[in-house]
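Chemist: This is the structure I have questions about; it appears just below.
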Amino acid sequence: MVFSADFLSFYIFWEIMSWSTYLLISYKGGKAVDAGLKYIVMSVVGSIAMLFAIVTLYAFYGTLKFSSLVSLLQSASPGYILFLLIMFVIGFGIKNAIWPLHTWLPDAHSEAVSPFSAVLSGILVRMGVYGFVLVMYGIAGLNLLHKLGYGILNFNYIFCWIGAISIIIGTFIALLQDDDKRLLAWHAIGQGGYMILGISFGTTLGIAGGIFHTLNHCIYIALLFLVTGAVEYRTGGVRDLNQLGGLIKKMPVTFIGGLAGISGLIGVPLTNGFVSKWLIYKTLVLEAHPFLAFIALIGTWGTILSVYKFLHNIFLGQLPEKYKDIKEAPWTMQLPMILLTVAIVLFGILPGIPLKVISEIEKSFGIGSLSIHIFGIPKEIGELNMINILAAVVVATVFIYFVFSLSTKSKKVDQYDSYAAGSFVPKDRYQYSVRFYDQLYRIIEPYLHDVVDDFYCWLVEKSKSFFQIIRQIYTGNVNTYALYILLFLAFLIFVKLGWGLW
């Protein structure tokens with residue numbers, strides 16, 4: 001799909017990707033079938049919107065080649081460009097799981113097998129970002145986008161607010177999850193908001209940050225899903241965070257992978273996520289959008305709270321008695337986690353490697369190239385030098401180690417060497433990580449059920465009459481479908497030959 005030079009081949013491979021995703025989500029059967037059905041229904045809606053836009057492009061211009069449409073669309077009316085963008089936003093937005101088109105992703109991740117979850121959120125979902133960049137900057141271009149509205153009604157500005165809302169909703173609903181895969185799924189929605197926030201401004205720095213964050217997300221979210229898969233494999237399918245804990249002693253390599261993954265997700269210095277988030281924050285500051293920058297920071301704070309729950313409840317705290325005999329994941333699971341961990345650190349210290357490629361992409365779109373060096377961004381556009389940050393981290397680490405080495409060494413106490421009123425504490429009372437952020441959940445729960453759920457219930461009720469009509473069209477009869485195909489072919493012939501007679 002990424003090698004497509006026209007909308008026809010792009011759409012064909014897009015559909016192959018969508019239906020393959022549906023089959024892999026539904027692979028386990030049971031609830032997975034329902035999750036797959038939810039995905040494919042929403043995906044079909046997006047595909048129809050995209051097809052509608054593509055058909056109008058061919059009807060008006062007689063070509064679907066990207067290179068030809070770039071020049072032809074320059075004379076199009078702003079209204080038609082806005083129509084095209086809305087249709088593509090629906091299609092790409094569903095795939096990218098941005099608000100309010102995100103509802104399929106948590107169920108899909110929850111029911112899909114963990115190796116596929118890594119591919120789903122790491123690659124397939126992020127093809128939506130590729131579509132956004134392709135249509136907005138590769139085909140439409142900045143000149144056309146600037147004509148779409150004025151002030152706060154500008155298309156790019158509205159689009160960046162969709163990204164900001166996605167950050168808040170995805171991040172803070174993740175706080176309430178007890179299923180490790182659903183927690184990561186909601187974070188995938190929130191991180192998608194950062195990508196949209198970056199690319200929506202149309203600046204060299206912002207687009208680079210959005211694309212780089214997409215690449216980084218592919219790495220660390222895939223790593224985190226592999227970590228959950230390894231834990232699920234060794235614990236016999238346990239995904240409830242309230243039933244885990246203390247696995248750092250049994251699965252140290254998996255723990256390091258989890259630590260690296262959440263560090264990239266948060267944007268800790270010396271990880272890839274830090275650089276891409278820095279580019280996005282810098283864009284918000286340069287474009288004078290302090291409130292959007294504040295929302296992005298709130299999202300990062302929420303991410304810190306949420307992933308701490310993820311890491312603590314799985315690896316830290318007390319090891320439940322039932323897991324005392326489990327072992328580290330097999331080397332076939334450890335190897336990809338190690339490689340992804342290395343990539344997180346490598347792109348965090350040497351961001352110039354991927355940014356050089358991203359700069360060439362921007363240059364091909366006519367946006368301008370990003371001035372970079374191997375360790376970051378030069379001073380002219382806001383200096384970022386990861387060598388300086390690396391040196392600061394090393395000095396701070398040595399200083400902290402020196403201070404602790406001077407202090408009195410603590411006495412090691414056995415995990416169960418604890419008493420209450422002179423009596424031993426039962427082993428089942430040592431697990432204190434149950435119901436993280438329960439107070440926050442009690443505050444947010446009424447909103448989730450009374451507002452969000454009620455909105456979708458209302459939408460379903462209002463849509464029933466429309467879908468009753470659709471049901472009459474999709475009868476399940478093969479002969480009827482053959483008739484539809486013939487009618488559609490006749491329509492295409494009429495468009496090709498009939499309109500040419502006028």
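Note: Cβ is positioned from N, Cα and C throughout, glycine not excepted.
Just lifted these from TrEMBL, have a look:
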type: DOMAIN; residues: 4-300; note: domain 'NADH:quinone oxidoreductase/Mrp antiporter transmembrane'
type: TRANSMEM; residues: 6-27; note: transmembrane segment
type: TRANSMEM; residues: 39-60; note: transmembrane segment
type: TRANSMEM; residues: 80-98; note: transmembrane segment
type: TRANSMEM; residues: 118-140; note: transmembrane segment
type: TRANSMEM; residues: 152-176; note: transmembrane segment
type: TRANSMEM; residues: 183-208; note: transmembrane segment
type: TRANSMEM; residues: 253-271; note: transmembrane segment
type: TRANSMEM; residues: 291-311; note: transmembrane segment
type: TRANSMEM; residues: 331-350; note: transmembrane segment
type: TRANSMEM; residues: 386-404; note: transmembrane segment
type: TRANSMEM; residues: 481-499; note: transmembrane segment
Chemist: Take the C-beta pairs under 8 A between the transmembrane segment (152-176) and each of 6-27, 80-98, 118-140, 386-404. Which stretch has the highest count?
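Modeler: It is 80-98, which has the most Cβ pairs under 8 Å.
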Chemist: Residues of the same chain, at least six outside the transmembrane segment (39-60), with any C-beta under 8 angstroms of its C-beta?
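Modeler: The answer is 7-8, 11, 14-15, 18-19, 21-22, 25, 69, 80, 83-84, 87-88, 90-95, 101, 103-104, 107-108, 495.
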Chemist: Could you name the stretch, out of 80-98, 253-271, 331-350, 386-404, with the greatest number of CB pairs under 8 A to the transmembrane segment (183-208)?
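Modeler: Answer is 80-98, with the largest number of Cβ pairs below 8 Å.
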